[in-house]
């Protein structure tokens, strides 16, 4: 029997059946997020909605963090929820807590390519003063977790949730009234669209969002090829959907579009080469390209889709593989996403 993990926001990770054996065979199997609390409108709840009470720990290069940051921006929650930004490369073997851990490094570091790199947006941990993400979990009494994003309660000093799909759901629903624009301009999870949104979320997670990682991080040729073909079958399906309507569920943006955005934003400049998803570029799908342009015009999107986001992605995805050199191109991104046609064509 398959062991699937479902939460309030639907399926949130891979089938966990024989996960360790599958990883040993070279398959990428996403782990399970264990902090699954919920912020509510109830003032007597453990985690009630409250201005400036909650905090996000994120990495710009992480697509799961990106969906959360998109939700925060679109809902106008920049003043309501604070953010700390991790360095895009993780720790090395010679560091105190060991390798492959997200860490705060605002001063930058010398990369694998021998070049010192830093990013103005990278911060320290302004809430707990920690260096490594596992220390944040340990301070909340949570062991064996090291992932981001994290939604953190600054008042109780506890982790609320570390599942990006559920954090996004909260941002698009219960946090909406705290938005700087007053009444939310967007309803990311409208009641009349719930069934369709959930259906779109499910297959996009499996085929596109997580599917891209299955292609990019699997060392098994058969697993890679299956993920590759599934991904581009999904791209064909998306292009057909957007030939009929502006957004995934109709003429208004919803949570489903927000969840789709990060992998497609990364396809041409990152995933095409790094994940070997090289059958076609995004601009070769005219209807998807039009959808991308529509997404880029939404409120405050410039804040979460600018060139520094892309530089974080390049550093994170290329800076710890091979010889660590960071690609200069392709030219025209992310600016091209706002145009009818790629500016470099």
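Glycine residues also receive a Cβ, built from the backbone N, Cα and C atoms like all the rest.
Note that TrEMBL annotation is computational and uncurated.
The annotation active site, nucleophile is assigned in TrEMBL to 62. DSSP classifies residue 62 (active site, nucleophile) as coil under the three-state reduction.
For 213, the entry in TrEMBL reads active site, proton donor/acceptor. Every protein chain considered, the tally of other Cβ atoms within 10 Å of the Cβ of residue 213 (active site, proton donor/acceptor) stands at 19. Residue 213 (active site, proton donor/acceptor) carries a helical DSSP state (H, G or I).
A sphere of 10 angstroms centred on the C-beta of residue 163 (glutathione binding site) encloses 25 other C-beta atoms. Taken from TrEMBL, the feature glutathione binding site applies to 102, 163, 164.
Per DSSP, the secondary structure of the compositional bias 'Basic and acidic residues' (336-345) breaks down as 3 helix, 0 strand, 7 coil. What TrEMBL records for 336-345 is compositional bias 'Basic and acidic residues'.
Sequence annotations record features per position, and here TrEMBL assigns domain 'GST C-terminal' to 190-316.
The annotation region 'Disordered' is assigned in TrEMBL to 1-23 (among others).
Sequence annotations record features per position, and here TrEMBL assigns region 'Disordered' to 322-345 (among others). Outside the region 'Disordered' (322-345), and at least 6 residues removed from its termini, the chain residues within Cβ reach (under 8 Å) are 111-113, 117, 265, 268-269, 273, 283, 289, 292-293, 295-297, 305-307, 309-310, 314-315.
For residue 271 (site 'Lowers pKa of active site Cys'), the count of additional Cβ atoms within 10 Å of its Cβ stands at 24 [all protein chains shown]. The site 'Lowers pKa of active site Cys' annotation in TrEMBL covers 271 (among others).
The site 'Lowers pKa of active site Cys' feature in TrEMBL is assigned to 317 (among others). In the shown protein chains, 22 other C-beta atoms lie within 10 A of the C-beta of residue 317 (site 'Lowers pKa of active site Cys').
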What's the CA-CA gap between residue 213 (active site, proton donor/acceptor) and residue 62 (active site, nucleophile) in angstrom, rounded?
11
If you measure from the C-alpha of residue 317 (site 'Lowers pKa of active site Cys'), which of the recorded positions 102, 164, 271 fall inside 10 Å?
271
Residue among the binding-site residues 102, 164 whose Cβ has the most other Cβ atoms within 10 Å:
164
Could you put numbers on the helix, strand and coil content of the domain 'GST C-terminal' (190-316), residue by residue per DSSP?
99 helix, 2 strand, 26 coil
